Amino acid sequence: MRMSVGLSLLLPLWGRTFLLLLCVAVAQSHWPSEPSEAVRDWENQLEASMHSVLSDLHEALPTVVGIPDGTAVVGRSFRVTIPTDLIGSSGEVIKVSTAGKEVLPSWLHWDPQSHTLEGLPLDTDKGVHYISVSAAQLDANGSHIPQTSSVFSIEVYPEDHSEPQSVRAASPDLGEAAASACAAEEPVTVLTVILDADLTKMTPKQRIDLLHRMQSFSEVELHNMKLVPVVNNRLFDMSAFMAGPGNAKKVVENGALLSWKLGCSLNQNSVPDIRGVEAPAREGTMSAQLGYPVVGWHIANKKPPLPKRIRRQIHATPTPVTAIGPPTTAIQEPPSRIVPTPTSPAIAPPTETMAPPVRDPVPGKPTVTTRTRGAIIQTPTLGPIQPTRVSDAGTVVSGQIRATVTIPGYVEPTAVATPPTTTTKKPRVSTPKPATPSTDSSATTTRRPTKKPRTPRPVPRVTTKAPITRLETASPPTRIRTTTSGVPRGGEPNQRPELKNHIDRVDAWVGTYFEVKIPSDTFYDKEDTTTDKLKLTLKLREQQLVGEKSWVQFNSNSQLMYGLPDSSHVGKHEYFMHATDKGGLSAVDAFEIHVHKRPQGDKAPARFKAKFVGDPAPVVNDIHKKIALVKKLAFAFGDRNCSTVTLQNITRGSIVVEWTNNTLPLEPCPKEQITGLSRRIAEDNGQPRPAFTNALEPDFKATSIAITGSGSCRHLQFIPVAPPGIPSSVTPPTEVPDRDPEKSSEDDVYLHTVIPAVVVAAILLIAGIIAMICYRKKRKGKLTLEDQATFIKKGVPIIFADELDDSKPPPSSSMPLILQEEKAPLPPPEYPSQSVPETTPLNQDTVGEYTPLRDEDPNAPPYQPPPPFTAPMEGKGSRPKNMTPYRSPPPYVPP
């Protein structure tokens, strides 16, 4: 009876305890598959003993907000304002850092006063950066209690990103950016200021402050400026058509190029007023404003970046294969981004992926395979969620998958769906990669180290495969695992390296040293990875290696191509870069080297000439010695950039070397700068200074130096210095010291050979023309020999018998010769003896009306001729009295 009473008292107590434990077990078993809103449902159903635990969990659940993703371009300023109303903060401490880390990327700066995130990325910062923004409440014990959190991404594009797109991304006024954009393939005129600064040593705030100071100085908008470091010591642009010096006498740091756009296709005549840059840069005003020395400035036309040439190679068409897996459970996609909590798995919605289009088969409705491995143990998840990106042509995959960060340059994985299988994507390669990874309890896409990956079903006629995919998981942040997609590396045959980015074209100038570092993303090999892990070889056509005496050389260890062309190499040259992996397979990239004429031509303001001891033949025939000479000459002037020296000529007379300095402006004559350079390397009498001698020894020993003006300074002589009594303007530009009679140059050849020959030829031509004119004038009016033969005899003409008319006797000279058709003369006029009043004097106006002949009067007397003259008329045109009568020649009687 007592036991029955005790049992009746214990039954209600055990019943309530058993019911409570049963509810907790059911809640734990259903928690992983329910959405996060189940917290509020279970809060109303559980007992008061668990209410405090769920209350703490509800307070720790962050509020997900949407901060839009951003884009940045290498060398251009980036700025984004974090909206505090989206975070929901009211007096909390806002913390901004890289997702999963405690600090920001090296190129970003957070300003807590203005709530702005700004920076300037460099070439090493390309890729996607995930930024976490969280607000924390300060506790009484000094610790920070998280209140809200959000994650957004910033994708950094390379420097040669599309200019209009980059301008639109950075410019607040889209209409202004569109109006200022140049036409397609139209060169953009850019003004560049060279600073003696190192961007890699600057903090993000110092870079932005430098741009702000230049903005206030030049009144150029911040989004139009570009700030990049100097690459390969190329401080100056050889294609610049205008340039000027700065106040820096010596370059110490690596150098920075600060540039902005002036217009489209401008030249020296149409460029806008640049006096606001030219004078301040030379006088030091710009340097004082910016806080860094100014080396110089130049203006050049930049051609817009053209899209890379796409190889039209037909790849093997993949065959989709349906993989049969275990039963799957389709989980509905939640409408919002869910941040993992200490007791719930993370479910990340897909976002947009910037990936190139592919030709892979698009799978149907994919589902995620979920495998249950016993009881699920809840472990706290550290670090915020990181969003993933899915291409526009891809599919939306649902499931308990944690977002991953894809390393830039590698292929981004996709969640596996069955059926059918998905494909792993890589740029410009159509390759199916079936695989079936499963999601474990930590909800990541990485496999456990002890799990053997599943071998996919072989796919026929597939000759290209995707490169290895590296993934950095976000949970836990202190341990990063790498995984590969597809078949394990040990079971695959060696793959041929692939060409990813073409070298395309290299520009070089006559007499100017150039060097090109082969980018690491030019080739890619599945086993050996990037280009710097491959063996590169430079070859000509038909697998012919570049010789030791070629003007182009290649260092396979440093993967550096360099050279020094001369005037005989002007034009286009084709070369082939071979990349070979450790297995012996290789890939080839064909590119061209365009050699242009000297950038300054004959307009250089000064010519430097030095005489060295030795024979010039070994220097002329050895490209390595010529390059060493150019480098030593640049070092003697204090320039680390060897492209500032343009080699003009190497002639006999020991070793006579001529060169110009590309840093000198063409107009007006930079007399002060040339004088400074002259005093740096030589004395006034032409002897080299010790600094110049030490810079070139022991390979080259200088004996004398001469510096003469040319171009805008053609009337000046710098070294040796002209005597004070003779003005420097009377010195001809070709005059050189007479210490060495064997010295010669192009000017001497023209002066002593070409010009005299042309003058003599012109004089001879003019003399010949004058002689011909005089001869023709003297011969004018003279008969030819044939005409002279006709009138050579002045005798009586010969008349033949048949030509003589015997019917009429020859006329006699005593009687007048009257023709047969003649008539008798008219009778003489009648002269009345008395004066008639009607008669009009002959001197009157009517003299023309007097008619002496009266043919109409029949009674008129005959004409009476006037009496002959008694005295001969001696006057002009009178005949002689006695005239010899005409005698006919005797008739011709033939023999």
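Just so it is clear, glycine is given a Cβ too, placed from its N, Cα and C backbone atoms.
According to Swiss-Prot, the feature compositional bias 'Pro residues' maps to 859-870.
Listed in sequence order, CYS182, ALA183, GLU186, PRO187, VAL188, THR189 are the same-chain residues at least 6 apart in sequence whose CB falls under 8 Å from the CB of CYS264 (disulfide bond). CYS264 (disulfide bond) falls within a strand when secondary structure is assigned with DSSP. Summarising the annotation, Swiss-Prot assigns disulfide bond to CYS182-CYS264 (among others).
The disulfide bond annotation in Swiss-Prot covers CYS669-CYS713 (among others) and rests on similarity to another entry. Reduced to three states, the DSSP call for CYS669 (disulfide bond) is coil. Counting only same-chain residues six or more apart in sequence, the Cβ atoms lying under 8 angstroms from the Cβ of CYS669 (disulfide bond) belong to PRO605, GLY709, GLY711, SER712, CYS713, LEU716.
The region 'O-glycosylated at seven sites with GalNAc' annotation in Swiss-Prot covers 463-485, and the record cites similarity to another entry as its basis.
Summarising the annotation, Swiss-Prot assigns region 'Required for interaction with CAV3' to 819-895.
Taking the motif 'PPXY motif' (889-892) as a whole, pLDDT averages 79 in the prediction. The motif 'PPXY motif' feature in Swiss-Prot is assigned to 889-892; the stated evidence is similarity to another entry.
Annotation comment: Swiss-Prot describes 654-749 as topological domain 'Extracellular'.
Among the features that Swiss-Prot reports, transmembrane segment is placed at 750-775.
Across the motif 'PPXY motif' (889-892), DSSP classifies residues as 0 helix, 0 strand, 4 coil.
Counted over every protein chain shown, other Cβ atoms within 10 Å are most numerous around CYS713 among the disulfide-bonded residues CYS182, CYS713.
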